[in-house]
Amino acid sequence: MSPQTETKASVGFKAGVKDYKLTYYTPDYETKDTDILAAFRVTPQPGVPPEEAGAAVAAESSTGTWTTVWTDGLTSLDRYKGRCYHIETVIGEENQYIAYVAYPLDLFEEGSVTNMFTSIVGNVFGFKALRALRLEDLRIPTSYSKTFQGPPHGIQVERDKLNKYGRPLLGCTIKPKLGLSAKNYGRAVYECLRGGLDFTKDDENVNSQPFMRWRDRFLFCAEALYKAQAETGEIKGHYLNATAGTCEEMMKRAIFARELGVPIVMHDYLTGGFTANTSLAHYCRDNGLLLHIHRAMHAVIDRQKNHGMHFRVLAKALRMSGGDHIHGGTVVGKLEGEREMTLGFVDLLRDDFIEKDRSRGIFFTQDWVSMPGVIPVASGGIHVWHMPALTEIFGDDSVLQFGGGTLGHPWGNAPGAVANRVALEACVQARNEGRDLAREGNEIIREASKWSPELASACEVWKAIKF
C-alpha cells in the first residue's frame with residue numbers, strides 16, 4: 001500500500017484513546033422533552049476529575065467504548081450519545097458528585113424496561129474510573145412512558161372491583177411462610193379473611209415446594225376466600241404467588257388462578273425479572289386479574305447509599321413494567337428524612353404528576369400522563385398501635401399489611417384480624433370527624449378497645465413494642 005493511500009484512508013479517524021470529557025461532557029447542552037434524564041451519585045477514583053467520571057458514565061451507558069473506533073464515522077454520535085450536562089457536589093460527602101446525564105430517546109426499545117436498564121445500568125457500574133456509582137433517579141419522558149401499558153388496572157379500577165372505598169385496605173402475610181401443608185395454609189387464610197381483612201398473602205419465597213405444591217395451595221386458598229366472602233358479604237382476595245422458574249410455568253399458574261375466579265395474583269418482580277413481569281402484567285389486564293408485586297432482592301440493589309440504585313428508580317420501573325401493588329416500607333419508627341424519602345417514591349407510584357423536590361429525593365419533575373397508579377403496601381413490624389400513624393401517613397390509597405400483627409394475636413388469626421379492622425375503622429372515622437390522628441392516635445385506639453375485646457387484647461400484647 002502506498003503512503004498516499006494510507007493518508008487517504010486515515011482521513012477523519014485517529015486511532016488511540018482520548019478523554020471521555022472531550023466528547024461526552026457537554027455543560028452547555030439544553031435537555032429535550034424527549035430525553036431520558038438520569039441522576040447518578042458518582043464517587044470517582046483518586047485522581048479522576050468529576051467531569052471525566054461523569055462523562056465516562058454517559059459514554060459507557062450509551063455509545064462509548066474504551067478507545068476510538070473507525071465505525072464511529074458510520075453514524076451520528078451527536079444524535080445518539082449520552083451527555084453529562086451538569087455536575088454538582090454532594091454536600092456533606094467527600095468526593096461524591098451528582099452527575100446528570102441525558103439520553104436520546106432513540107437509544108431505547110419501546111415498552112421495554114429490560115432494555116432501558118440494560119443500557120443505563122447494565123455495564124457502567126464496573127467501570128474502573130469509578131470507586132462507586134448509584135443511580136438516584138430517572139426522568140421518564142411522556143414520549144417513552146406512553147409506550148408502556150403500565151399497571152394492569154390501577155387504583156380506581158381495583159376499588160371498583162373490590163367495592164371498597166374511603167379507607168386503606170388491610171392485608172396479612174401467612175406465617176410461617178414455609179412448612180405448612182396446603183390445607184393448613186388455607187385454614188389460616190380463611191380465619192384472617194373472615195375476621196375482617198381484605199387480603200391475605202403468599203410470602204415472596206412461597207412458590208411450589210415439596211411440602212406445598214402450587215396447585216394445592218391455589219385450590220385451598222380459593223376455597224378459603226370464597227367461604228369467607230359468603231360469611232362476610234365482602235369481596236376477599238389472596239395474593240397467589242405465580243412466580244416460577246420459567247415464564248411458561250409462571251403463566252400456567254396465572255391462568256389457573258384466573259380459572260379459579262380469584263381476583264389477584266402475585267409476582268416477585270426483581271427475582272422474576274422485568275420481561276416476565278411485563279408479560280404477566282399484560283395477561284392480568286387482558287384477563288381481569290389484579291397484580292400484587294413483591295420487591296424481594298431490592299436491598300441487594302438499593303441498600304448501599306453510594307452504590308447501586310435507589311428504590312425510587314425501581315418503583316418507577318415497576319410502574320412502567322406493571323403492577324397494582326408494591327411493597328414500599330412502613331415509614332413508622334424511621335427518621336424524618338427517611339420518611340420524606342419514602343413518601344417521595346410513594347407519590348411517584350400513585351400520582352399523575354410529581355414536582356421536583358430534592359428534600360424528598362425527587363430529582364426530576366415526572367409526568368405519568370394517563371398511566372394508572374400503583375397502591376403502596378406498608379408492611380413489616382406493624383401492629384394496632386401503629387394504625388393511626390399509618391392511616392395519616394399513607395392515606396386511603398394504600399394496603400396496610402399486618403403479618404405478625406394479625407397472626408400473633410393471643411386468641412388466634414380471626415381475632416387478630418378483627419382487632420386490626422376495628423382499629424382501622426376507628427381511625428378512619430376519627431379522621432373523617434376532623435380529629436388529629438398524629439396527636440390523638442393512642443387515645444382513639446384506647447376508646448375503640450373499650451368495646452372491642454379483640455382490640456383490647458391486641459393493645460395489651462403490643463403496648464411495649466417500639467420500632
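Cβ coordinates come from backbone N, Cα and C, glycine included.
Note that the structure is a prediction, hence the values are computed from the model and not measured.
Around the Cβ of Lys175 (active site, proton acceptor), a 10 Å sphere holds 16 further Cβ atoms from the protein chains shown. The active site, proton acceptor annotation in Swiss-Prot covers Lys175 (among others).
In three-state terms derived from DSSP, His294 (active site, proton acceptor) belongs to an extended strand segment. Swiss-Prot lists His294 (among others) with the feature active site, proton acceptor, giving sequence analysis as the kind of evidence.
Taking a C-beta cut-off of under 8 Å and a sequence gap of six or more, Asn123 (substrate binding site) has these contacts in its own chain: Glu60, Ser61. The substrate binding site annotation in Swiss-Prot covers Asn123, Thr173, Lys177, Arg295, His327, Ser379.
Annotation source Swiss-Prot lists Mg(2+) binding site at Lys201, Asp203, Glu204, citing sequence analysis. Lys201 (Mg(2+) binding site) is surrounded by 29 other CB atoms, counting those within 10 A of its CB over all protein chains shown.
Annotation comment: Swiss-Prot describes Pro3 as N-acetylproline.
Residues annotated as N6,N6,N6-trimethyllysine in Swiss-Prot, with sequence analysis given as evidence: Lys14.
Look at Lys201 (Mg(2+) binding site): DSSP puts it in a strand. Feature annotation from Swiss-Prot assigns N6-carboxylysine to Lys201.
Taken from Swiss-Prot, the feature site 'Transition state stabilizer' applies to Lys334, supported by sequence analysis.
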Q: Would you mind reading off the Cα separation of Lys175 (active site, proton acceptor) from Glu204 (Mg(2+) binding site), to the nearest angstrom?
A: 12
Q) Does DSSP put Asn123 (substrate binding site) in a helix, in a strand, or in coil? A) coil
Q.
My understanding is the cutoff is Cβ-Cβ under 8 Å with a sequence separation of 6 or more in the same chain; which residues meet that for Thr173 (substrate binding site)?
A. Thr200, Lys201, Asp202, Asp203, Ser379, Gln401, Gly403
Q | When distances run from the Cα of Glu204 (Mg(2+) binding site) to each of the recorded positions Lys177, His294, His327, the nearest one | A | His294
Q | DSSP three-state assignment (helix, strand or coil) for Thr173 (substrate binding site) | A | strand
(Q) In whole Å, how far does the CA atom of His294 (active site, proton acceptor) lie from that of Lys177 (substrate binding site)? (A) 14
(Q) Between all pairs in Asn123, Thr173, Lys177, Arg295, His327, Ser379 (listed as substrate binders), what's the biggest Cα distance, rounded to the nearest Å? (A) 37
Q.
Let's check the environment of Asp203 (Mg(2+) binding site): how many other CB atoms sit within 10 Å of its CB?
A. 19
